Amino acid sequence: MTIFRLVNPVQHYDWGSQKAMSELFGIANESGQPMAELWMGAHPKAPSMIMTDDQVALNALVDGQEEHLGKGSLEKFGQTLPFLFKVLAAAKPLSIQSHPNKQQALDGFAHENQLGVALDAFNRNYRDDNHKPELVYALTPFRAMNGFRPLDEMWPLFEMAGLRPLEEALSWLKKGDIKAFYEHLMSLEGEEKDQLVTAALKFAEASDHPAWQEVNRLNQFYPGDIGVLSPLLLNVIELIPGEAMFLKAGTLHAYLEGTALEIMACSDNVLRGGLTSKHVDVPELLKTIEFDTIALSDLCLKPEAEENGETRFVSPVDDFLFSVIAAENVSGALKVNAAEILFCVEGQQVIKAGEKSVELTPGSACFISAATGSYQVVGKGRLARATAIL
């Protein structure tokens, strides 16, 4: 067998939507809990299951297996599937966060292991030894903060509010020292922090500037959190359905609202700085952040149309390659270079390879082994394709 239907676990984080996955994909929510993420992949925290008589975990099936991962993938990425694929459904803002690069992940994971911090401990930062660049593809209007604004946008937003606790630090920001400014901001505690947030919120309530209005909105979810000032530092973007953006490791960001597909290197490493009930570790967060700026207009990826009804969203990393397939436009076999996961976004498709076939409907997914060689898509609607670049 080279094509396997997947059963995918749902993560019930408190920021998740109770209804988005049900409305889009018919995924039942019998418990009534927030359904935040649907994981598709082989991460040991929550692997997909293969629909066979024995219900085998995907990581147990593929880890170290050339038939399933392919020789090239084993040599380049190691013993497991190099990407993790998700549906993400946010009803309220996620934490301000960053993800480590590869070396930081290796060092952090080894250090916490040496300290004896359990993998599932509340205060664990590094749950594996991998980096975590990400790509997000909007299924609904999807709002997020992504990367530091250009300096000439950033410091005027603070200056217009006349925030006295930041007067000295603002001079650093005007000179381009984002790192010093952000470290100072995140170091504020107690009365000093409270005075700053109170003054900022007073200004936000009267301001019609979109960034300050976002400050006000974040405070409704996380009152008094220093993270509510993040929209003054970061780009605030709304993706329309079908748009995608990339977030490299070290990018300070937060997803705010909406449903999207997300693909990343196979990792669950998150360093948080606020807007959350989860573990916050500001010193460790600061080690991972890259303090370069990016213009809002540069955030969206340019889609690249391919033959056979496929549109690719290419990012600067090889751990994953994301594309969208219009099933009705597929006229020939699709070549398999590395292991893949296909997810049905809409419509109905049959995936065929030799005598093996799997039918997909919205919300369902299948795994395709590297040894498959090629497969055909028959049907209509939209498929999301996740693989790696060898």
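Cβ atoms here come from the backbone N, Cα and C positions, even for glycine.
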Note: TrEMBL has Gln97, His99, Glu134 binding Zn(2+), and from His12, His253 that site also includes His253
Helix, strand and coil counts within the domain 'Phosphomannose isomerase type I catalytic' (3-151) (DSSP): 37 helix, 41 strand, 71 coil
Across the domain 'Phosphomannose isomerase type I helical insertion' (179-234), DSSP labelling yields 46 helix, 1 strand, 9 coil
Once Gln97, His99, Glu134, His253 are set aside, which residues in the chain still have Cβ within 8 Å of the Cβ centroid of the Zn(2+) site? Ser98, Lys132, Leu247, Ala249, Thr251, Leu252, Val270
Restricting to the domain 'Mannose-6-phosphate isomerase cupin' (310-386), report the mean pLDDT as a whole number. 96
Residue counts (helix, strand, coil, in that order) that DSSP gives for the domain 'Mannose-6-phosphate isomerase cupin' (310-386): 6 helix, 48 strand, 23 coil
